[in-house]
Amino acid sequence: MHIYWWRDPQGRILGFVLNDARLLSDLINRLPDGGEGDSQLGRAEIRLLDSHDETLYSWGAYRGEGPALRSIGLSHPLGSWKLEYHAPELQQVSSGGWLGSLVSLLLLATGLGSLGYLLDREHRRELRLAQQRVNFVNQVSHELKTPLTNVRLYAEMLQERLDDEGTEPTVRRYLGVIAGESQRLSRLIDNVLSFSRLQRQQLRLTPEPGNPDEQVERILQTFAPLLLQRGIDLSFDAGIDRSLRYDPAALEQILNNLLSNCEKYAPDSGLLRIRSWLDGAMLCIEVQDRGPGIDAGERERIFEPFYRSSNRITDGVAGTGIGLGLARDLARAHGGDLSLEPGGSGACFRIRLETTR
Ligand code: ADP
């Protein structure tokens, strides 16, 4: 396996795995062909060996088993490979022939060295491009955030201003769609921005005093119409009801991700139960749906970035695959965790956040 890696200025290790078959075929295409009648080599052979001393390619007619008469290591980044010169006996090679072989050996080593340099340069270029792409997505998300917040705010203000009797139901419905969709987009953008901050290790938590039950209640109110449309009823057992120091933005983002997953993956599942309680200094919230649940083999994988399971329910549902991983990272940064609880029908996620004095 060829893994190229390096440490960036922030101390992160970045790397990629080269496709071995492709590397070898590109390499062999650049080398002289290994025909039996290679006149320069006479009855000798040059072998290209990998780090396990396995022959990757050879030139020349000689097929002896003995040790190599000469061996040259390749330069970075193929430093673990070498070239070996095999011949029946050194004396049998005429001095002209031997010199010719040495020259071709050196030429080969230089050729492979430049190939290594080209690979290295390509790898740096790819990483630069990847970095630019990440920056671009980050920038666009930032630019989208302000106008979207305005759309959402004005739609919500308009909803509040419309009096129930005098307003046409369709107007209410249209406004509901505008508010709902802009909330969904805001959540997506928040996820992208937090994900990028986490990657750059720039995510900062800011604990402040607040009543988590009241906050959960507010979040549930925002989600209730959307969930109701999808055949899901909410019930909330509030068991904290006091002020604690925690980061409300982190809790909101974790809950947003869990609730929007219920909306996406557990439609028409009836009751969605949310409970909150205190376990020592740990603020605990459980979100239990009655949807299809998560297969045993995927219980940990769903927390991996970009992982999306594929089945009858999830196929065709839009998503980025970063929601659960991000929610878990946020909970861990908050001295707690996000876990998928075993047993029961449907999926049951438990959030634990450490509260401070
Ligand atoms: P996304 O929803 O963007 O795919 P997530 O990280 O939020 O990404 O979720 C990862 C995967 O976990 C989803 O693709 C889905 O298959 C599965 N999943 C998450 N929540 C639930 C749930 N409540 N019920 C069933 N499957 C779920």
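Backbone N, Cα and C atoms are what each Cβ position is placed from, and that goes for glycine too.
For the domain 'Histidine kinase' (139-357), the model gives a mean pLDDT of 90. Summarising the annotation, TrEMBL assigns domain 'Histidine kinase' to 139-357.
With a cut-off of 8 Å between Cβ atoms, the residues of this chain six or more beyond the transmembrane segment (98-119) that come close are 4, 18, 23, 26-27, 30-32, 40-42, 44, 46, 48, 70, 72, 74-78, 81, 83, 85, 87, 90. Look at TrEMBL and you will find 98-119 tagged as transmembrane segment.
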